[in-house]
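Features as listed in TrEMBL:
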type     : residues : note
TRANSMEM : 60-83    : transmembrane segment
TRANSMEM : 89-116   : transmembrane segment
TRANSMEM : 128-150  : transmembrane segment
COILED   : 251-278  : coiled coil
TRANSMEM : 322-347  : transmembrane segment
Amino acid sequence: MTPTNRYQKRSPNSQIPTAYNSVFSYRWLCHLVRDLLIVTASELYGDAIVTKKLARQSDWVAGILTVTNLINAASSFPLLLLTLIDFGIFGWLLAIAIELGLIKFSNWTGVVAIAYEARHKNWNGIGLAGVVLINIVQSFVGGVGTLILLDRPSLSDRLSEQLIQERVIVPQEKKIEALQIEPQQLTEAKNQCQNLEARLARTLPNSPERGSLFPQAYGSWQDYNLPLPQRSYSTSPVAQWPWCPKSSRLTEIYAENLTRAEEELEKLKAEIASLGNLNYLHSTLFDVYAQNFNENDEIKSSMRAMAIALDLFFSRLKNGEWAMLGLSLYVFILSVVTSGIAVGLIATHARREDVQMSWSEAAAEAFIEFLKQKRQERAFELDRVNSQKDIILTSSDRHNYSFNGKSDSQQ
C-alpha cells in the first residue's frame, strides 16, 4: 500500500464521506418536514416576557393546530389527487406539492392570527378569518375526498343514473309534456262542434237553416243513428269527418297517445330498476357506457368523477341520507370538530394578556431596564462586600502587630 503524506494538500474535489452525506440529508429532510408540517410553540408568542406556563400551553395550541391541519390535508388529498391524476406522475407530484403548500399556508394563517395580534390587529383579523375559511373548505373537501376514495361504485351508479336520465327518461318526459298540450286540430274541432250545437239549439225543428247545420255537426240522419263503424264517413280520414264526431275521435286519440307514453315511461323505470343503472346503460346504450366508464365500471374522467362526488355528498347531506355517507360523514364531522377546537383556541390564545405581553415592545424595554437595575444593585452589593473585606483585613493586620510585639522596622 502506498504511504500517504499527512502534509499533502487535499484535492479540492475530494469526496465527503458517504455517512456524512447520509446524516446531512437526513437532518435536512427532518428540518424540511418540520418546517412544512409542524407549528412550533415559539411561533405563538414573542420574546419579551415568556413564562413557563405560557410556553407549556403554547405547546398544546401548536400541537392541536398541527394535528388539525394534518387531518384536513389527509382527508382532502384524495379529491386533489383525483383531479390531477390524469397527468400521471406529474399529477402526483403536483398534488403533493399543492397539499404541502396548503398545510404550510394553514399553519401560517394560524400563526399570524396569534403572533401579530398585539401589534397588528388587522393582520390578526385577516389571519383568523383565513383559518376559519380554510377549515370550512377543507372540512367539506375532506368528506368529499373520503367518498371518492372509498365509494367508487356509488359514483359510477350516480353517473349512470344521470346519463339514463339525460338520454332516456327526459326525452320520454318531454314527449309526455308535448302530448299533454291539446293539439290545435282538436281545439278547432271542439270549438266548431260547440258552435254548431249552440246554433242548432236556437233554430226551430222545421227551419231550413237546421237542415244545413245538422250535417255539418253530425253528418246525415242515417249516420247519426248508426254505430260509428257503420257510418258512411268512418272509412274516411278523421280530418274529413263532421265536426262533433271528429272532436270525439280526436279526443280519444289524444288520450290514447298520452296514456301509451305514460305507460312506456313506467315500463322504462321498472326495467331500469330491475337491471340497475350500470347494467341497463351497458345493455341498452353501450356507446354512452363506453365513453364514460372503463372495463371496471369506474368513471374515466377524473373531473367528471369529482363533480359527481360533490353532487352526491351534498345531496345526501341535504336529504338526511347520513347512513349512506358512511366513513366520509365521520371524516367530515371529525374535521369540523377539530377545526372548531383549533379556531376557538387560536382566537382565545391570541387575546391572552401574557401572549400580548410577550409581543409588547414596551414590556421588553421595561424588562431590560429591570435587568439593568438588578445588575447595578448586584454590582453595588459586591462593591460593599469587598469594602467590608478590606476593613476586616486591616483589623487583622493590627492584631498580628500587637501579638508579635514589634513592628517591621524593629525587626
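A Cβ is built for glycine as well, from the same backbone N, Cα and C atoms used for every other residue.
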Counting only residues 6+ away from its ends, which parts of the chain sit with a Cβ under 8 Å from the transmembrane segment (60-83)?
37-41, 43-44, 91-92, 95, 98-99, 102-103, 106-107, 110, 114, 134-135, 138-139, 141-146, 148-149, 302-303, 305-306, 309, 331, 334-335, 338-339, 341-342, 345-346, 349
Under 8 Å Cβ-Cβ from the transmembrane segment (128-150), and at least six residues away from its ends along the same chain, one finds 68, 71-73, 75-80, 82, 102, 105-106, 109-110, 112-113, 305-306, 309-310, 312-313, 317, 325-329, 331-332, 335-336, 339-340, 342-343, 346-347, 350
Per-residue pLDDT averaged over the coiled coil (251-278) comes to what?
93
